[in-house]
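Visitor: Pulled these from Swiss-Prot:
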- 134: active site (ACT_SITE)
- 91, 133, 137: Fe cation binding site (BINDING)
């Protein structure tokens, strides 16, 4: 397994729409494993393949405190959503920035697991929010897209400054 490079805004590759996975095979499973390793190394709770410049409909999530409840969503589809909630969200592609984002309180999805088996899942709370956040990535949408243009600009400037500082280190 390897840790992959996470793209940061304003990288336009984050805006690409991911293509469906045609077959879950050893290559897809390797991508899933690398994505988990990357997500854990970056101390995230979710990662979409788009964020590591792989433009396929793959998401990995682990919102557990012990980091031992892996969830793989291949070709996820949103079936239902209900209620309204919102928390301050962060994103590995928008480091050290957070903002309040409106989300559905509950979701029901259909996806394939790491072995290609179909399943449905009903989620609420942090898991529901994380699923929605990561599914947005698959269509080229970022949490900052929910914010005012001024807030978007401020966040972009902060991330660009942070990336410049990290490049010098």
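The backbone N, Cα and C atoms fix where each Cβ goes, glycine too.
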Visitor: On a count of neighbouring CB atoms within 10 A, which of the recorded positions 91, 133, 134, 137 is highest?
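Guide: Checking each of 91, 133, 134, 137, the winner is 91.
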Visitor: Give the three-state DSSP assignment (helix, strand or coil) for residue 91 (Fe cation binding site).
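Guide: Note: residue 91 (Fe cation binding site) is in a strand by DSSP.
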Visitor: Roughly how many Å separate the Cα of residue 91 (Fe cation binding site) from that of the residue listed as 'active site', to the nearest whole number?
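Guide: Residue 91 (Fe cation binding site) and the residue listed as 'active site' have their Cα atoms 9 Å apart.
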Visitor: In the same chain, which residues outside the set 91, 133, 137 have their CB within 8 A of the centroid of the CB atoms that define the Fe cation site?
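Guide: Other same-chain residues near the Fe cation site: 46, 48, 51, 89, 92, 93, 134, 136, 142, 143.
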